[in-house]
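Engineer: So Swiss-Prot lists these for the protein:
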type	residues	note
ACT_SITE	D146	active site, proton donor/acceptor
BINDING	N8, E383	Mg(2+) binding site
BINDING	K15, H206, I207, G208, N209, G210, D283, M284, R285, G331, V332, G333, E334, N335	ATP binding site
BINDING	R89	substrate binding site
SITE	H178	site 'Transition state stabilizer'
SITE	R239	site 'Transition state stabilizer'
Amino acid sequence: MTKTIAINAGSSSLKWQLYLMPEEKVLAKGLIERIGLKDSISTVKFDGRSEQQILDIENHTQAVKILLDDLIRFDIIKAYDEITGVGHRVVAGGEYFKESTVVEGDVLEKVEELSLLAPLHNPANAAGVRAFKELLPDITSVVVFDTSFHTSMPEKAYRYPLPTKYYTENKVRKYGAHGTSHQFVAGEAAKLLGRPLEDLKLITCHIGNGGSITAVKAGKSVDTSMGFTPLGGIMMGTRTGDIDPAIIPYLMQYTEDFNTPEDISRVLNRESGLLGVSANSSDMRDIEAAVAEGNHEASLAYEMYVDRIQKYIGQYLAVLNGADAIVFTAGVGENAENFRRDVISGISWFGCDVDDEKNVFGVTGDISTEAAKIRVLVIPTDEELVIARDVERLKK
């Protein structure tokens, strides 16, 4: 038995989960928020308890030190060296990394180089890796990439219709994201359906504040909605998803909001999507409450959101030539029952239908009617478990 920790480092946060492996038992989990800001918050959950402290945490190294000391303080571990492996979520692996990789040689430098593809994520992911390397230099460190699952896409799916030189020289292509989640729920769907994954055609919908949809055939990603960066694809909480590229030069010419690349990135990544259209919130719970109150902008934002998801599901039904199941996961996908109903009701012609008695808040499993040809599943994602499994597989 060994103890492995899965890490998801953000720019000002550190989410973690400690496992006993290979039993896959969660010993503790937690979240450190507001790193680099005053009154940082560290929360540790274990044995049915939740302990929280407020203190100033200047950087990720200090955050990791507090995390490790908390594990000792609460008698979850006796010493640092009880942890024998750490796995880090990294958003962009580019064409360098087709699978999870042990951190050695120039791996970390390449992760930082790939910040060009995920400027909001990779720098923070790399900071988490460096922090653990500084405090636990001798344990196995593994980087697990959101993009790895999508490296099975055929070239016709990942190439853009741009001059070839932009692919060969600049590596402009579709990379996708949320691959760890799509991979996990596809495997769980096969178990739920009682069929080999290799025999299934699935459409997995990871719908949270960010969102992506993937066509999965025989356990492999064959297409996915996110593109060169996590900005592409469906409409999201604060991101546009797909828009006509000509909008950008137009707004650069005729408004004062698009003067620099940073301006463009800010508007498209942080000020658009549900938030931009509703002028209210990026949170589906707030949107649904505003819709119930008759707010027109919130209603429009919700309708646009559902519409774009339906279109991608329809597109992937064509790519796969049908599907055995549509899977919903992540914050919105797992918890917003009205959203699931509305998405599926608009594509029922394909043979999918939701049973209203099964489609309730907190439900997991098959929510389809008995007669549905395409099953509709709700499966909680567990990216941390996939990370822990990969660490165990790659340990020295």
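Just so it is clear, glycine is given a Cβ too, placed from its N, Cα and C backbone atoms.
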Engineer: Within 10 Å of the residue listed as 'active site, proton donor/acceptor' (Cα to Cα), which of the recorded positions R89, H178, I207, N209, R239, E334 do you find?
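Structural biologist: Cα filter at 10 Å returns R89, H178.
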Engineer: Out of N8, R89, N209, give those binding-site residues positioned within 10 angstroms of R239 (site 'Transition state stabilizer'), comparing C-alpha atoms, in sequence order.
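Structural biologist: Within 10 Å Cα-Cα: N209.
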Engineer: Within 10 Å of its Cβ, which one of these recorded positions (D146, E334) has the largest number of other Cβ atoms?
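Structural biologist: Comparing the recorded positions D146, E334, the most crowded Cβ belongs to D146.
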Engineer: Given a separation of at least six residues and a C-beta threshold under 8 Å, show me what packs close to the residue listed as 'substrate binding site' in the same chain.
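Structural biologist: Non-local contacts for the residue listed as 'substrate binding site': A6, I7, N8, A9, N125, V144, D146, T180, E383, I387.
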Engineer: Can you grab the distance from R285 (ATP binding site) over to H178 (site 'Transition state stabilizer')? Cα atoms, rounded to a whole Å.
Structural biologist: 22
Engineer: Between D283, E383, which of the binding-site residues has the fewest other CB atoms within 10 angstroms in the structure shown?
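Structural biologist: Comparing Cβ neighbour counts within 10 Å for the binding-site residues D283, E383 gives D283.
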Engineer: Which residue, out of the recorded positions K15, H178, R239, R285, shows the minimum number of other Cβ atoms inside 10 Å of its Cβ in this structure?
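Structural biologist: Each of the recorded positions K15, H178, R239, R285 was scored by Cβ atoms within 10 Å; lowest is R285.
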Engineer: Check the DSSP secondary structure of R285 (ATP binding site), expressed as helix, strand or coil.
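Structural biologist: In three-state terms, R285 (ATP binding site) counts as helix.
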Engineer: Take the C-alpha atoms of V332 (ATP binding site) and H178 (site 'Transition state stabilizer') and report the distance between them in angstrom, rounded.
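Structural biologist: Given the Cα positions, V332 (ATP binding site) is 14 Å from H178 (site 'Transition state stabilizer').
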Engineer: N8, N209: which of these binding-site residues has the highest Cβ count within 10 Å of its own Cβ?
Structural biologist: N8
Engineer: Tell me whether E334 (ATP binding site) sits in a helix, a strand or coil according to DSSP.
Structural biologist: helix
